Amino acid sequence: MPTVDDILEHIGEFNFFQKQTFLLLSLLSAAFTPIYVGIVFLAFTPDHRCRSPGVPELSRRCGWSLAEELNYTVPGPGPEGQAFPRQCRRYEVDWNQSALGCVDPLAGLAANRSLLPLGPCGHGWVYDTPGSSIVTEFNLVCTNSWMLDLFQSAVNVGFFIGSVGIGYIADRFGRKLCLLITILINASSGVLMAISPNYTWMLIFRLIQGLVSKAGWLIGYILITEFVGLSYRRTVGIFYQVAFTVGLLVLAGVAYALPHWRWLQFTVTLPNFCFLLYYWCVPESPRWLISQNKDAKAMEVIKHIAKKNGKSLPASLQSLGSDEEVGEKLNPSFLDLVRTPQIRKHTLILMYNWFTSSVLYQGLIMHTGLAGSDLYLDFLHSALVEFPAAFIILVTIDRIGRRRPWAASNMVAGAACLAAVFIPEDLRWLRVTAACLGRMGITMAYEMVCLVNAELYPTCIRNLGVLVCSSMCDVGGIITPFLVYRLTSIWHELPLVVFAVVGLIAGGLVLLLPETKGKTLPETIEEAENMQRPRKNKEKMIYFQVKKLDTPLN
C-alpha cells in the first residue's frame, strides 16, 4: 500500500498547497515571539528613584533643574558591589519643613550626607521614562523585584506543562482541533492580561498563555512538516523557525511605536483572533487521520491537496497505508533513556544542551534589556543575526555534518559572552559585535539540537527521548529570569560569565556525540548503541530483496 510520502511524490511535495499552508502557519510562528521574549519590552526597568513627598514643591520653589534636584535630594551610589541606594533608599528627611534652603538643603541637617539615615521607599518610586511597563505600574523593583522574575518564570512553567499535556491531546484528538483551541485560549488570555487590574491576575493570565502558546507553536510545526514531502521536511522546519525571527523584528518596531505596555500587549495579541480563520484554511493532517484509521477522511484531504496543486491522483494511489511498518508495539519507558551506556550518554548531553540553549538564548535577550543603551536598536541587531544563523545551518549540515558546526556554535556563543565582559563601555561597536556573535551562535545551537535530538534515538523511544530532553529547555527558561536579574544586581556582567562557562562546556560535550550525517535513523536500541561504528544500510538490503521477489519467474 502506498504511504503519504509516496502519494506526495505524485501530487506535489511542496507545491501551491504546501506553500500556502506554510505561509499561514509561519504567521503563527511569528506571533509566538511576544510571548517568548516580550518581557524585554513589557517589563522594561527604567532608571528610578524613591518618591519623596515635598521634593517636587521644593524643587519648583528653588527653580532647580532635574540634575540639581537629584544631586540635592537623592542618595549617591553606595559601596562597590552593593545595590544602588538611590533606587531603593531615600533620606529620612521631612522635605516639607520650611527651614530647608535652596543651596545644599541637607547641609544644615548633617555635616556629611553619609551620616543621614536612609529608609525604604515608602511612598513609591519615580521612573525616568515617557512610557510604562509592568515594572513601573506595579512597582516591581527593589524588594519586589523577585515578582518580575516570577512573571517570566510563570510563562515557562506553562510551556513545560502545556507542551506535554497538549502534545498528548493533539495526538489523541487531532492537530487541527487542538491548534484552534490553543489559538482561542491564547488570544483571550492575552487580552485579559492587558486589562488585568493587578499583578496577581496578570500573572495568572500570563501562565495560561504559557500553557497553550508554545504547544500551539509546536502543533503548527508538526502540521507543516506532515504536509510536505520527505525531502522538504528539514528545510521547512528550519524556515518555520526563521518566521519566529521575523516576529522578533516586527516586535521591536511595534514596541518602539507603542511604549506603553498595555497597548503593546493589545496590539500583539489581537491578531491571534484572525488565526481562528484557519478552521477553513488548514485541513487536518492526513498522516494523523491514517494513524486513527480514518482513511476515507485522509483521502479527502489528499484529494484536496492534489486539486490545490493542480495535480491528478492516479487510481493506483487511491488506497492508503501507514508510514510505519506493522510490527510488535513496544511500550517505551523512561528507563530506556538511561539503561544502556551510549543512549545514557546521549540523553545526558542532549538534556544539558537543551538547557544551555534556553538559558543563553533567553538570557542574552533579557540582558539586552538591562544594558542601559538603546534597547530597541540592540534588540534589532541581535535579531538580524538569526537569519545568517539559519543560512549557515542549511549550508553546513549536509556538507560538514552536524556535530562540528553544533559544537562550534556553542563555543562561539560562550566565547562571545566572555569577551563582552572585558570590552569597555566606550567601545560600543565592539560590544554590539560580541553580542551579535553570541546571539548567532546560540541560535544555531538551538536549531541544531532540535534537529539532532531525533536522530540519536531509536524508533521505539524517539518521541519519548525528544520530549524528555526538550523539557530541559523549559526548565532553563524557568530559572533564567532569576539568574539574569539577581546576578545583575551583584555585578552587571556576572550573567555573561555564567553564560560563557555554560556555553563552552556544552560545546565540548557535543564533541562526545556521534556524527549523524548520512546515517539512517536507528530502529533498535542496539543500532543506537553502535552508531559510532560503521554499519550496513538495512533499508537498502530490504529494498533489493523486495525487487527480486517482484520479478516474474519464467
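Just so it is clear, glycine is given a Cβ too, placed from its N, Cα and C backbone atoms.
Automatic prediction, not curation, is the source of TrEMBL annotations.
Feature annotations, courtesy of TrEMBL:
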{"type": "TRANSMEM", "residues": "21-44", "note": "transmembrane segment"}
{"type": "DOMAIN", "residues": "100-518", "note": "domain 'Major facilitator superfamily (MFS) profile'"}
{"type": "TRANSMEM", "residues": "150-170", "note": "transmembrane segment"}
{"type": "TRANSMEM", "residues": "177-195", "note": "transmembrane segment"}
{"type": "TRANSMEM", "residues": "201-224", "note": "transmembrane segment"}
{"type": "TRANSMEM", "residues": "236-257", "note": "transmembrane segment"}
{"type": "TRANSMEM", "residues": "263-282", "note": "transmembrane segment"}
{"type": "TRANSMEM", "residues": "349-367", "note": "transmembrane segment"}
{"type": "TRANSMEM", "residues": "379-397", "note": "transmembrane segment"}
{"type": "TRANSMEM", "residues": "464-484", "note": "transmembrane segment"}
{"type": "TRANSMEM", "residues": "496-513", "note": "transmembrane segment"}
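Sequence-distant contacts of the transmembrane segment (201-224) (same chain, at least 6 residues past either end, Cβ-Cβ under 8 Å): 18, 21-22, 25, 28-29, 32, 35-36, 134, 138, 150-151, 154-159, 161-163, 165-167, 170, 175-176, 178-179, 181-183, 185-186, 189-190, 192-193, 236-237, 240, 282, 285, 474. Across 21-44, 150-170, 379-397, 496-513, stretch 21-44 shows the highest tally of CB pairs under 8 A with the transmembrane segment (263-282).
Counted over residue pairs separated by six or more positions, the transmembrane segment (236-257) shares at least 3 Cβ pairs under 8 angstroms with the transmembrane segment (21-44), which defines the two as touching. The largest share of C-beta pairs under 8 angstroms with the transmembrane segment (349-367) comes from 464-484, of the ranges 21-44, 464-484, 496-513. A contact links the transmembrane segment (464-484) to the transmembrane segment (150-170), because at least 3 Cβ pairs that are 6 or more residues apart lie under 8 A. Tertiary neighbourhood of the transmembrane segment (496-513): same-chain residues 345-346, 349, 352-353, 356-357, 359-360, 363-364, 367, 403, 406-411, 413-415, 417-418, 420-421, 438, 441-442, 445, 452, 456, 483, 487, selected by CB-CB distance under 8 Å and a gap of 6+ residues from either end.
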